[in-house]
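**Student:** Input: one structure, supplied below.
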Amino acid sequence: MNYETKLWKIEDITKNSTQIEAAANLLKKQEVIAFPTETVYGLGADATNEQAIAKIFEAKGRPSDNPLIVHVANKRQIDQYVSNIPDIAEKLIDAFMPGPLTIILSSNGVIAKNVTAGLSTIAIRIPDHPVARHLLEACQLPLAAPSANKSGKPSPTSATHVYQDLNGKIAGILDGGNTGVGLESTVLDCTSELPIILRPGGVTKDQIEQVIGTVMIDPALAKTDDQPKSPGMKYTHYQPEAPLWLVDGDADFFQAQIELNTDKGYKVGVMASKELAALLHTDNIKTCGTRANLNEVAAQLYETLRAFKKSDVDLILCESFEQAGVGDAIMNRLHKAASKKIKQSLSPDETSL
Ligand code: TXA
Ligand code: MG
């Protein structure tokens with residue numbers, strides 16, 4: 001379907017509620033609207049309506065077996081879509097919602113089947129962004145919303161990113177400026193005896209454990225560690241325009257990688273913290289915040305990935321960050337984005353093309 005995508009710029013949310021009203025009316029007519037959340041922009045549609053949801057999958061080019069997160073305005077609304085709320089989920093809701101945590105609970109079947117990809121569970125969260133909250137209240141619907149990017153690309157942290165990916169494919173975009181957290185919500189499965197983190201995100205494992213005690217980490221997440229993928233392997237997630245190589249080593253090692261690949265004739269782009277950038281000699285560095293505050297790196301990660309253009313670089317060498325706190329989520333995304341991982345401990349032969 002071809003749309004003339006409306007772009008509503010929201011400068012002052014109280015004064016511009018007519019724009020949110022207009023977006024809410026389109027949602028009630030089964031259209032798809034992009035809106036800001038505190039994590040990334042979401043692509044929302046009525047979670048109780050299969051036709052509306054089908055439009056999300058079509059606009060994004062998303063595989064239909066990947067379920068969506070349902071966004072609601074408040075705790076009461078969660079009750080309407082789940083069969084029960086276990087005690088731990090109650091605690092998590094009180095501690096972190098609204099906020100960047102998504103919990104998986106048993107569905108009561110009210111949400112459309114294509115939202116949950118046929119699963120008996122649903123993922124649900126209360127976003128902490130005034131535009132998202134007002135929109136949910138105005139339309140009075142639960143909104144299923146994946147990140148508002150074309151499938152496979154980095155998630156959008158600004159309305160411009162959404163526009164680049166989805167102009168002409170959706171009815172409208174509410175522009176609420178840059179998102180704050182910059183990475184998606186943490187997804188926590190609360191249907192098993194011990195809750196399991198399925199995706200690290202804006203709320204850290206430590207923060208969750210302070211509220212409900214020990215949680216597990218999905219073993220599938222560990223598999224992305226240290227397993228160099230074959231260079232030709234097709235990307236499926238967070239893909240920048242040029243291949244991303246994740247470099248794990250000190251500044252001298254990083255510099256050697258730049259030179260090795262420049263000597264081979266490649267145009268090398270570098271993505272690094274300002275600390276590492278200060279130690280490197282090369283002319284195409286994009287910085288993404290400071291190591292001293294990984295929240296900054298999280299907030300700038302997708303924007304920086306999107307800033308590398310294939311006309312300028314053949315490959316991107318990217319710093320590895322400490323896997324602690326929000327660093328877990330940062331490294332999870334970078335491992336998924338990377339087509340190759342280069343470690344200082346490997347022999348020089350293994351680090352070449
Ligand atoms: O921060 C966020 O979570 C953003 C904003 C827009 O809310 N949304 C987002 O949605 O990242 P998406 O579709 O890009 O990622 C949803 C994740 C996927 O990894 C999906 O597999 C998982 O949640 N998911 C959804 N429903 C699930 C279910 N019932 N069981 C297990 N995983 C589920
Ligand atoms: Mg996504």
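Note that Cβ sites are derived from N, Cα and C of the backbone, with glycine treated the same way.
Taken from TrEMBL, the feature L-threonine binding site covers THR39, HIS71, ARG125, ALA145, SER185. Per TrEMBL, ATP binding site is recorded for ARG62, ASN66, THR121, SER147, SER155, ARG199, TYR238. According to TrEMBL, the domain 'YrdC-like' annotation covers 17-203.
Buried or exposed, and what's around them? Tell me for each listed feature.
**Tutor:** SER185 (L-threonine binding site) is surrounded by 28 other CB atoms, counting those within 10 A of its CB over all protein chains shown.
According to its DSSP assignment, SER147 (ATP binding site) is in a strand.
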**Student:** Rounded to a whole number, how many Å is the Cα of ARG199 (ATP binding site) away from the Cα of SER185 (L-threonine binding site)?
**Tutor:** 8
**Student:** If you measure every Cα to Cα distance among THR39, HIS71, ARG125, ALA145, SER185, the residues said to bind L-threonine, what is the biggest one in Å?
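**Tutor:** Answer in Å: the longest Cα-Cα distance is 13.
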**Student:** Can you tell me how many other Cβ atoms are located within 10 Å of the Cβ belonging to THR39 (L-threonine binding site)?
**Tutor:** 29
**Student:** Quick check: with THR39, HIS71, ARG125, ALA145, SER185 left out, which same-chain residues have Cβ atoms within 8 Å of the centroid of the L-threonine site Cβ atoms?
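**Tutor:** Everything else in range on the chain: THR37, GLY42, ILE69, PRO100, THR102, PRO127, ALA132, GLU184.
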**Student:** Check the binding-site residues ARG62, HIS71, ARG199 for other C-beta atoms within 10 angstroms of each C-beta and report the one with the most.
**Tutor:** HIS71
**Student:** Do me a favour and check the Cα-Cα span between SER155 (ATP binding site) and ALA145 (L-threonine binding site); whole Å is fine.
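**Tutor:** It is 12 Å, counting Cα to Cα.
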